[in-house]
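Taken from Swiss-Prot, the feature active site covers Glu156, and the record attributes it to sequence analysis. According to Swiss-Prot, the Zn(2+) binding site annotation covers His155, His159, Glu230. Sequence annotations record features per position, and here Swiss-Prot assigns transmembrane segment to 5-25, 44-64, 170-190, 204-224 based on sequence analysis.
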Amino acid sequence: MGKRIFLFLLSNILVITTIGIVLSIIGSLTGVGTYFTANGGIDIVALLVFSAVVGFVGSFMSLLMSRWMAKMAMGVQVLNPDKQTLSYEEQQLVDRVYKLSRAAGLTKMPEVGIYNSREVNAFATGPSKNRSLVAVSTGLLQEMDDDAVEGVLAHEVAHIANGDMVTMTLLQGIVNTFVVFFARIAAWAVSRVVREELAPIVHFIAVIVFQIVFSILGSLVVFAYSRHREYHADRGGADLAGKDKMIHALRSLEQYTSRVKEEQASVATLKINGKKHTSLFSTHPDLSDRIRRLEAK
């Protein structure tokens, strides 16, 4: 879990830190976009605008690249029935995703892919409903029966139909905005108590340190929302495939939680199967709790 969380946070921190540094350099050279006043104070409105630009540009850049990044990170082989000959199993997978997508009201079918892994898992990603991807592991296709596979696919299609990637991006943009804003307020306060000649370098280092600390705190909000959206996708999957198939899929996944790979941090929040035990930094709730909620529906 620690490695996954570290990589997830690091990727987000690197994006907003890089953008922040670039904009700061541009501001210092041109005077455009700087948030310091003439007497060394802070222009709160200018800083808030600066923070929003950094925060939302970073999150939307990640969204636009999400499908490509997932393919690269997971080694996804996209199945295209119009350009290649598919095996019976591959064609069946594509047909199921298309059937569920039409039932969910999607006007453009998602890309369908397979990635080579013993883990029993699947994920959905993409910048919009019209540019989405549903991918499953070879382990899932080998271990699960047809009803369980359909339940898993319905869950992933529900994520796309619900627009979860865009919503997560907006939330991450808001969190990033506050991280950038308060990191610079705190760094400015620290730089005021050191010698004047040291203030610029202290401010620069303090911004990075506070940005890391506040990003960790802000990630708690993102992870909490990620757990919340899993319940919605479960309900959506039950509507598409049937409640019994969705519950059967989750029960089947319980048997394979030990196989869930944690190194693909960039798509951890997108997968249907998380780790067995939930913590504040978990992207998924306990499977047993998800099953109980569906049964009570």
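Note: Cβ is positioned from N, Cα and C throughout, glycine not excepted.
Under the three-state DSSP scheme, Glu230 (Zn(2+) binding site) falls in the helix class. Long-range contacts of the transmembrane segment (170-190) within its own chain (CB-CB distance under 8 A, at least 6 residues past either end) are made by residues 12, 16, 20, 35, 42, 47-48, 50-52, 54-56, 58-60, 62, 202-204, 206-207, 210-211, 214-215, 218-219, 221-222, 225. For the recorded positions Glu156, Glu230, counting C-beta atoms within 10 A of each C-beta gives the highest total at Glu156. Here the CA atom of Glu230 (Zn(2+) binding site) lies 10 Å from the CA atom of Glu156 (active site).
Taking the binding-site residues His155, His159 in turn and counting surrounding C-beta atoms within 10 angstroms, the largest count is reached at His155.
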